[in-house]
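Asker: After the structure tokens below, expect a handful of questions from me.
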Amino acid sequence: MAKKALSLEERSEKRMMILTPIVAVLLALIIGAIIIACLGKNPFEGYAAMIKGSLGDGLKLSKTLERACPLIFTGLCAAFAYKCGVFNLGGEGQFIMGGCVTAACVLGLGLEGPAGLALGLLAGIVAGAIWGLLPGIMKITRGLNEMITTIMLNYVAMYFMEYIFKNAYSDNGLPKTLAIPQSARLPEVLGTHVGVILAILLGIFTWYVIFRTSFGFKIRAVGMNPIASKVNGFPVRRLVLLAFVLSGAIAGLGGAVELLGKTPYRLAGGFGSGFGFDGVAIALIAQLNPIAAIFVAFFFGVLSTGGTMMQSVIGVPTAIVEIIRGLIIIFAVAGMAAVKLPKIKAYVVARLDARAKKAEVNA
């Protein structure tokens, strides 16, 4: 009977967790509509313009997919790391380093053709992995908080990128690098670069690794309870380090794809800006599910691309889109916290009871 009750409770919690992001999106859109109406504009016209501007035809859809592509990579980066219980906030830095080392490799070595493309992508993966390795080493050897170290490394990556596009590979003294050679760029399929397909396939592969392999089981076990995992003989430190390296490699590949696949095919100020923290938000809204992260990233791409059309049609600022996106994050996180609240309360009560019993024994 107790097992049946527990099963019902678990199913109810699972349903609530699935509904939470959907409700969060609906609430954010409703509040966004109220704000638009308060500005004296028609919210229905605004949302219709947003959909038309992002999904209206093949060209608009391809632009939306291109906007979503880097967000898929950084979302997968965050989701994979968080599944192992490590809070990698360095997706932006790892993304930027992937782009920087790809540019240095292709431009510095004068690579062109398929070899330049392949080595450029590989350089991005390696750069991101190394940039993820650094906070991992600091965590497992010195116990340094990864949230602090990854954020600090984001700034290091930004300044390194500035050196790359202003000094090392500047285009005739301008604050941008030379353009990637045509033959070393990602080819296009149906109006968008193949990096979009690569991102989607990577999302499916990441889901398979996490939920259908023994390695993924160990990653999830460490994320849920590192002490129990260690007792059961899992190499916790090694798995934590691997989570940092692999999540960094995913973000680094995203940086390489963004550079090699999207106009203007060069590094300049603002490259990768905001993608890392958007990726964290996407991972949380998707509840650390890689396939769900693809859809959330696509929805963010719709908001970003369609916001411009909404501004031109009904005359509201594109900041409305940022407000809607922020509201989605707030509602999604608050909803997940509310669903998990009974378990959190039970955990706290159990800990307090255990301390009280220990105090009685010692007395």
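Cβ coordinates are placed from backbone N, Cα and C, and glycine is handled just like the others.
Just so you know, TrEMBL annotations are computer predictions that nobody has curated.
Given the structure is predicted, the values throughout are model-derived calculations rather than measurements.
As annotated by TrEMBL, transmembrane segment applies to 21-44, 117-138, 150-169, 189-210, 239-260, 280-302, 314-339.
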Asker: Which of 189-210, 239-260, 314-339 has the most Cβ pairs closer than 8 Å to the transmembrane segment (21-44)?
Answerer: 314-339
Asker: Let me check one thing: do the transmembrane segment (189-210) and the transmembrane segment (117-138) come into contact, meaning three or more Cβ pairs under 8 Å with sequence separation of at least 6?
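Answerer: Result for the transmembrane segment (189-210) with the transmembrane segment (117-138) is no.
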